[in-house]
Structures are given as structure tokens and as C-alpha cells.
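Annotated features, as they stand in TrEMBL:
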BINDING   67, 234  substrate binding site
BINDING   142, 207  ATP binding site
Ligand SMILES: Nc1ncnc2c1ncn2[C@@H]1O[C@H](COP(=O)(O)OP(=O)(O)O)[C@@H](O)[C@H]1O
Ligand SMILES: Cc1ncsc1CCOP(=O)(O)O
Ligand SMILES: [Mg+2]
């Protein structure tokens with residue numbers, strides 16, 4: 001792959017640190033407080049590998065969880081769920097029809113949902129499922145860089161005249177790309193998703209050593225976390241589930257920022273106490289529980305804007 005394909009074509013303003021009194025920090029703190037105060041339900045259709053960690057992380061963050069794989073059940077639950085989480089990590093033959101029904105139902109009702117496009121680009125069935133979401137898209141996408149690049153290519157969002165169309169290469173559940181190489185893809189996905197929502201809001205969160213969150217206009221970069229997060233399975237999936245928990249009480253950008261920042265602070269606290277991946281997972285859940293709204297909102301945050 002050419003190095004040039006990793007150079008973002010969207011023009012960015014100069015990055016600046018988000019000030020202590022910037023309104024986005026109060027929105028983030030309020031979202032964290034609201035989840036703790038209201039214990040919102042975010043229901044999940046998620047993979048078999050990490051389903052338990054997703055539920056436990058949602059509970060530790062202050063929300064509640066409900067897991068299901070039946071379209072009828074998921075659609076009925078959306079009446080009492082503030083937002084949903086859909087993760088395509090492990091697929092079964094009936095999922096294509098179920099997820100198509102679910103996405104159309106959410107689109108018609110305006111129900112908010114988070115998509116985690118795990119292993120995007122692998123297999124015709126997963127590709128068919130993810131491609132079908134293009135016209136009934138989620139409210140937030142949370143994935144690693146390779147997944148975001150693959151989904152953008154799948155949805156054909158790059159202008160045919162542009163030469164910056166995402167170049168994809170096979171990746172499993174782990175990323176083989178740097179976060180910033182997914183900037184253009186993330187911006188295009190966020191703009192596309194926003195154009196399909198009545199209130200025009202959407203966000204894309206790209207996880208990695210420095211997370212990137214964008215609504216297609218502003219781009220936030222969030223340093224921190226722990227390399228041990230890549231040594232347990234489900235750090236990404238549970239981050240997606242917690243993003244849905246915050247989406248139940250907040251707008252897409254605030255929800256994506258709050259969840260990613262909570263994970264960075266909790267990952268650092270867990271690393272300080274852990275002796276390896278096993279105890280890290282336990283300490284991560286404890287830290288999701290103990291990290292305060294002020295610690296989340298007081299995190300280092302950089303912002304640029306794109307055009
Ligand atoms: N090298 C790293 N250093 C610090 N934090 C990381 C690193 N890689 C991933 N993370 C964190 O781990 C969590 C899961 O991200 P990631 O591993 O990219 O997801 P996935 O498991 O879906 O590939 C995120 O909170 C992210 O910030
Ligand atoms: C290992 C694995 N295989 C299919 S889904 C899955 C879990 C991926 O979890 P995460 O993306 O959070 O690392
Ligand atoms: Mg993942």
C-alpha cells in the first residue's frame with residue numbers, strides 16, 4: 001500500500017487543546033452523571049466472545065444491559081431502551097435477515113444505535129450485512145482504524161474523482177492501520193450518517209493508542225488508555241456497549257467522547273493495579289465504576305476542525 005494513501009485529504013485546522021471551560025467538557029461530565037443517576041438501558045445484539053464483558057462494562061459504567069439475537073425481541077425492547085448496540089463479531093446464518101429488520105425498524109422509529117463493525121471486510125456474509133446498513137445507518141460507529149477504513153470503502157463514500165478512497169487490506173478483529181489513517185473515512189462516514197438522521201447528528205469513534213472522534217466537522221483526539229487493553233478480548237466491544245449507554249442520555253458526539261475518555265482513564269487506573277491481562281480485566285471493570293465524571297471530563301482533549 002502506498003504511504004500516500006495514509007495522508008488525510010480533508011484539510012484540518014491547527015490542533016488546539018480543549019480549554020478547561022469549553023462547553024463540551026460540561027456536556028461530557030453531565031452525560032457521565034446522567035448515566036449514574038438514571039441507569040439507562042442500552043440493549044445489545046453482540047458477539048458470543050465478549051458478550052459478558054459488554055454487559056458488565058455497561059453495568060459498571062452505571063447503565064443496564066439486555067442481550068438478544070432475535071429481531072422481534074430487539075425491536076420490542078427498543079421501546080424501553082435508550083439506545084442499542086450492534087456488533088457483528090460472530091455471525092450466524094440468520095443474522096443477515098435479523099439485522100436488516102432491526103436496522104430498518106430503528107431507522108423508521110429514529111431509535112439511536114451504535115454499530116461496531118468488527119472484522120469489516122472479512123467474508124461475503126459480513127460484507128452483505130454491513131453494506132445493507134448504508135441506507136439505514138447507525139447513529140454512532142465505533143471501531144478500530146482498519147474497520148472504519150473497510151466500512152467507508154464498502155459504503156462507497158469517497159468521491160469517485162478523489163484519489164483518497166480508503167485503501168483496505170484484510171484485517172481480523174485487530175487493527176492493522178494507524179488511527180489517523182482512518183481520518184478521511186471517519187469524516188465521510190459521520191457526514192453520511194448525519195445526513196440520514198432527522199436531527200442531523202452522528203459520530204464516528206476510531207480507537208487506538210490515541211482515539212479519534214468526529215461528527216464530520218470537529219475532530220477530537222484523545223490520548224491515553226493502556227496497551228493492556230489490546231491483551232484482553234472485548235476492550236473495543238465493551239467500549240462500544242458503553243458508548244450506547246451514554247448515547248441513551250446524550251447526543252452522538254458527547255456519547256462517543258464520554259465513553260472513549262472513560263475507557264482511557266479506566267485503562268490507566270487498571271494498568272497501575274494489574275499484574276497481567278486477567279487482573280487487568282477485573283481492575284478495568286472496577287475503574288469503570290470508580291472513575292468520576294470530573295476525571296472523565298477533565299481529560300486531555302485536542303480538537304481540530306475539517307473541511
Ligand atoms: N496502544 C494502546 N494504548 C493505549 N490504549 C489503547 C491502545 N490500543 C487500544 N487502546 C484502547 O483500547 C480500547 C479498545 O480499542 P481497540 O483495541 O482499538 O479496539 P478493538 O479491540 O475493537 O480493536 C480503546 O479504549 C482504546 O483507546
Ligand atoms: C476474538 C473475537 N472473534 C470474533 S469477535 C471477537 C471479539 C473482538 O473483541 P474486540 O474487538 O473488543 O477486541
Ligand atoms: Mg473490535
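Cβ atoms are placed via backbone N, Cα and C, with glycine included.
Since this is a predicted model, take the numbers as computed values, not measurements.
Overlay of TrEMBL feature records on the structure.
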| residue | record | Cβ contacts under 8 Å, 6 or more apart |
| --- | --- | --- |
| 67 | substrate binding site | 43, 44, 45, 46, 51, 54, 55 |
| 142 | ATP binding site | 114, 115, 116, 204, 205, 207, 236, 239, 240, 243, 256, 259 |
| 234 | substrate binding site | 49, 50, 53, 54 |
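Cβ neighbours within 10 Å of residue 207 (ATP binding site), excluding its own Cβ and spanning all shown chains: 29. Residues 207, taken from the binding-site residues 67, 142, 207, 234, are distinguished by a CB atom under 6 angstroms from ligand 1. For ligand 2, the nearby binding-site residues are 234; that is, of 67, 142, 207, 234, these have a C-beta under 6 Å from one of its atoms. Taken residue by residue with DSSP, residue 234 (substrate binding site) is part of neither helix nor strand, so it is coil.
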